[in-house]
Amino acid sequence: SASLALHDRLAGLKVLLLNVSRAVARDVLITFSPTEGPRTLNMTEKGKAGKIQLPREIFQSLSSRTARVVVTVLNIQQLGMFKEVNQTGEVLNDTVVGITVGETSISGLRDPVQLTFAHGQLPRVSQPCPPSITPPAGGWSSSGCITQPRDEETVCSCNHLTFFTLLLNPALDRSTAQALMAVATTGCGVAMAFSIFTIAFCIFLRCRIRFEETLRINLGLHMNLVGSLLLLNLVFLLNSGLSSGTQPWTCKVLGGLTHYCLLCCFTWTALEGCHFYLLFVKVLGTYIHHYLLKLCLVGWGFPVLVVGVAGVIGSYGEYCIQTVDHQVIARLCWITSKRLLVHYITNCGYFGLIFLFNMAVFGVVTQKSCCLQGTGVVRGDRKAWKVALVAVGLFCLLGATWAPVFLTHGTSSAPMLYLFTILNSLQGIFIFIWLVVLYYPKTKETTGSLSHIIRHDKTATVSQD
């Protein structure tokens, strides 16, 4: 069984050995395929297999009269190799090609090595490139290579010899991208409308509930979160409509404003989580002097610092959304491709930390709510649909609708992109329904909603002081 397993693994390794004279008169041509491996190719031979063209320069620069050429075709799936570096894309046909000439490392070629990868209809790729890897350092890189995508093949010209492959990064086709843009634009309009309804409803409740300071602070916090969502949707619509043909400085300002509104939305989501933590665990929110004002300074002021630093290092400008065939379908004023690290740190990393914290708070709030209802402290209306709806609303309030963005990388990311776009478009609706169910109509008896649990928690704590 061990010999059989070894045989199966070795079946994924195919090697061609050639002795090439230093005085070779023309380039060396080699063909390869995942099934047949490498073999020599005549100048007149045509086919749909991959091709390697080694320039004469390589051999003429060697000191020895003949050079040993080793071409290796590896099936990384069978051999179990290169798995640690294949994290951001899919290797075409699980095939990696290794090329060595002589016993020295060859780089800086003026006449590049040409590798032609045959693939029929090219899978969806955002950047078809020939990554090379130099063991044992690891890490795929397209440095030193130029790519020429064609209909049924991709030609890669590289100035060095090492291991090569065609790494496919998933991207959107035109129809999917246009559909997502249409859904996002429509969703922004709907979200803006419900955000305005929610702010008006919160103002109405704050005027009506003048004597309950805790609820007034809650509503003020919700108003700021919904206000940040309203600004984010408004700026996105302006961005998608005005980004094409704008002046560079205008695009930088619009990109910074979009980033600011997004960070405000994330920050107010974090403050919602902190507020619920104080109410349910520490019960300190109402005892902080000018509590809501201090939250506003953090919620609207902290993003100014982040955007200011990002602007100083030149992070904002035109960002193009491209299809598989590199056709631009949308131009946005956003963080430029040269400063994607800023996006990963200030957006992805920042929200990731907020999401983890808020989900922990959600678990604590849900557990304490169940305990209070189970002990009979909270009496009255305990309809299951209402409790479930309140829990779902709180889940959305704490940023759950942004979570699918972490699942939008991969060959099957289109459904998750649709889900992410739709959920964020409906976030304003979710919060509006949640507030209506939670705060209105306000019955005389204590119900099982979170607002009454908060009031009970506050009263119990005061009585113990």
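Using N, Cα and C of the backbone, Cβ positions are placed for all residues, glycine too.
What TrEMBL says about a protein is an automatic prediction, not a curated fact.
Annotation comment: TrEMBL describes 30-174 as domain 'GAIN-B'. Confidence across the domain 'GAIN-B' (30-174), taken as the mean pLDDT and rounded to a whole number, stands at 76.
Per TrEMBL, domain 'G-protein coupled receptors family 2 profile 2' is recorded for 180-439.
As annotated by TrEMBL, transmembrane segment applies to 179-205 (among others). Taking Cβ pairs closer than 8 Å, the transmembrane segment (179-205) reaches residues 172, 215, 219-220, 222-223, 226-227, 229-230, 233-234, 236-237, 240, 329-330, 417-418, 421-422, 424-429, 431-432, 435-436, 439-440 in its own chain, all 6 or more past its ends.
Outside the transmembrane segment (217-237) by six or more residues, the chain places 184-185, 188-189, 191-192, 195-196, 198-199, 202-203, 205-206, 209, 254, 257-258, 261-262, 264-265, 267-269, 271-272, 275, 285-286, 291-292, 295-296, 299-300, 397, 427-428, 431, 435, 439, 451, 454 with a CB less than 8 A from a CB of the stretch. Taken from TrEMBL, the feature transmembrane segment applies to 217-237 (among others).
The transmembrane segment annotation in TrEMBL covers 257-280 (among others).
Within the same chain, residues 217, 220-221, 224, 228, 252, 256, 259-260, 263-264, 267-268, 271, 275, 335, 339, 342, 346 sit at least 6 positions outside the transmembrane segment (292-313) and bring their C-beta atoms closer than 8 Å to a C-beta of that stretch. According to TrEMBL, the transmembrane segment annotation covers 292-313 (among others).
Residues annotated as transmembrane segment in TrEMBL: 344-366 (among others). Distant neighbours of the transmembrane segment (344-366): 259, 262-263, 266, 269-270, 272-274, 276-277, 280-281, 306, 310, 391, 394-395, 398-400, 402-403, 405-406, 450; these residues of the same chain sit at least 6 beyond its ends, with a Cβ under 8 Å from one of its Cβ atoms.
Cβ atoms under 8 Å from those of the transmembrane segment (387-405) belong to residues 222, 225, 266, 269, 272-273, 276, 348, 351, 354-355, 358-359, 361-362, 365-366, 416, 419-420, 423-424, 426-427, 430-431, 433-435, 437-438, 448-450 of the same chain, restricted to positions at least 6 beyond its ends. According to TrEMBL, the feature transmembrane segment maps to 387-405 (among others).
Under the heading transmembrane segment, TrEMBL lists 417-440 (among others).
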Tertiary contacts of the transmembrane segment (417-440) (same chain, 6+ residues out, Cβ under 8 Å): 172, 176, 179-180, 183-184, 186-188, 190-195, 197-198, 201-202, 205, 215, 219, 222, 225-226, 229-230, 233, 386, 389-390, 392-394, 396-397, 401-402, 404-405, 408, 449-451
Same-chain residue ranges lying at least 6 outside the transmembrane segment (257-280) that approach it to Cβ under 8 Å: 214, 217-218, 221-222, 224-225, 228-229, 231-232, 235-236, 239, 295, 298-300, 302-304, 306-307, 310, 316, 332-335, 346-347, 350-351, 354, 357-358, 361-362, 364-365, 368, 394, 397-399, 402, 453-454, 457-458
